[in-house]
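The structure appears right after this line, and notes come after that.
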Amino acid sequence: MSSAQSVRSSLRLWGASLGGLAVTFLLAVAAWWVSRQVGAVKLPFGIPGKALEYPLWAALLGVLGNVLLRALKMREYLQPGVHTELYLKIGLVLLGAGVDLTLIVSAARGAILQSLVMISGVFFFCWWLAGRFGLDEKLRAVMASAVSICGVSAAIAAAGSVLARKEQVTYITALVILVALPLMVLSPLLASALGLSQTVAGAWFGGNIDTTAAVVGAGTLYGEQAQKIATIVKSTQNTLIGLVAFLLALYFASREAGAGTRPGVRVIWDRFPKFVLGFLLASVLYSMGVIDGGKGTTIEALKNWAFTLAFVSMGLELSFSEFRSMGWRPVMVFLLVTLFNTFLALGVAWVVFTWLFPVG
Amino acid sequence: MTEPSKKPWMNEDWLAVWIAFLLIALATIGVLGKNGINIVF
């Protein structure tokens with residue numbers, strides 16, 4: 001590539017990144033404005049406007065922005081400026097600045113137990129079912145990791161371990177977001193109908209919904225304590241990505257002839273979600289009274305902005321085009337496993353957080 | 001993934017932690033907030 005071409009390509013990337021960033025921020029401000037307007041009014045059937053909180057509007061406006069950008073043929077161009085995971089991780093660290101360490105400690109045992117049961121149960125169920133449907137082994141590994149651990153991040157980590165094709169990752173990522181968006185809205189409604197406590201509901205969202213952004217969204221819609229517990233449970237699950245990625249790499253390396261060097265345990269640290277350490281540090285500083293991210297503070301407002309940006313980005317990233325290339329058979333498997341995941345997580349969250357390790 | 005990709009200059013997780021703590025510091029010293037740039041939600 002000549003230097004003039006290289007400069008042109010760099011400028012194009014910068015333009016796309018800034019454009020994507022500007023669109024995300026504009027939609028986030030619009031979502032904030034709409035949620036404030038709706039929050040002040042009473043909706044039909046006596047539903048208070050406040051019930052429709054910002055995650056809903058942010059995701060909805062993200063999807064609308066997605067449709068509009070596609071119509072203008074600009075979505076692909078602006079994609080480099082859309083950063084769901086980054087905004088989400090910033091929001092999670094900021095959330096830590098309002099969570100007392102005692103809550104993390106008291107929820108940790110239950111969160112670890114639930115994560116171990118959920119990951120092993122859902123992973124092997126998905127692996128078995130996908131095998132019955134005759135799916136490719138690498139697609140099975142990526143899907144099982146995504147649905148049992150934490151959606152997009154786990155799909156990417158597993159794909160790196162098993163050397164899956166790029167299309168398989170984008171396909172699973174699209175599926176994860178497509179299923180997570182309705183679950184983010186439906187789960188709090190179901191939890192309310194079932195009369196679940198904030199703790200059990202939060203643990204359920206953390207165990208059931210695949211992608212962390214939607215877990216936080218569902219928790220926010222249900223209540224403050226639910227948001228915190230959902231985040232703790234999901235973060236605990238996230239920390240196990242590294243271990244699963246390592247085991248998958250080991251399994252595929254042993255099966256594939258000439259796979260080269262065996263994977264090292266270093267992959268466990270490489271795949272470890274470091275933002276969890278930031279979340280814990282922020283919580284320690286909050287518990288010591290050094291910082292305050294509690295209700296009504298500037299840090300809480302920053303956290304809400306970060307999450308709004310993440311929800312908007314999630315809507316912007318939604319894509320259907322991958323389904324054409326890979327067909328609808330994996331969709332069936334994914335939906336069936338999600339159904340299994342929903343019921344298993346409800347039972348496990350209820351038993352663990354009501355009977356075994358209740359959180360005060 | 002089979003395609004070799006260029007390694008980013010900083011891991012996204014650490015970048016998020018740095019940005020979050022920068023925002024926390026700015027909020028704690030008052031650059032962001034009621035007496036500075038007012039971030040409301």
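Here the Cβ of each residue, glycine as well, is placed from N, Cα and C on the backbone.
According to TrEMBL, the features are:
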type     : residues  : note
TRANSMEM : A:12-34   : transmembrane segment
TRANSMEM : A:54-74   : transmembrane segment
TRANSMEM : A:86-105  : transmembrane segment
TRANSMEM : A:111-130 : transmembrane segment
TRANSMEM : A:142-163 : transmembrane segment
TRANSMEM : A:169-191 : transmembrane segment
TRANSMEM : A:203-223 : transmembrane segment
TRANSMEM : A:235-254 : transmembrane segment
TRANSMEM : A:275-291 : transmembrane segment
TRANSMEM : A:303-320 : transmembrane segment
TRANSMEM : A:332-357 : transmembrane segment
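With a threshold of 8 Å between CB atoms, the same-chain residues lying at least 6 positions outside the transmembrane segment (A:303-320) that come near it are 20, 23-25, 27-28, 31-32, 54-55, 58-66, 69, 75, 79, 82-85, 87-88, 90-91, 94-95, 97-98, 170, 173-174, 177-178, 180-181, 211, 213-214, 216-217, 220, 293. Note: the stretches the transmembrane segment (A:86-105) and the transmembrane segment (A:275-291) are in contact (3+ CB pairs below 8 A, sequence gap of 6 or more). Pairs of Cβ atoms less than 8 Å apart link the transmembrane segment (A:142-163) most often to A:235-254, out of A:54-74, A:111-130, A:169-191, A:203-223, A:235-254. Note: the stretches the transmembrane segment (A:203-223) and the transmembrane segment (A:275-291) are not in contact (fewer than 3 CB pairs below 8 A, sequence gap of 6 or more).
Comparing A:111-130, A:169-191, A:275-291 for CB pairs under 8 angstroms to the transmembrane segment (A:54-74), the maximum falls on A:169-191. Long-range contacts of the transmembrane segment (A:169-191) within the same chain, counting only residues at least 6 positions beyond its ends with a Cβ under 8 Å from a Cβ of the stretch, are 55-56, 59, 63, 139, 142-143, 146-147, 151-152, 155-156, 159, 200-201, 204-205, 208-211, 213-214, 217-218, 221-222, 226, 314-315, 317-320, 322-323, 325-326, 330-331, 334-335, 338, 342.
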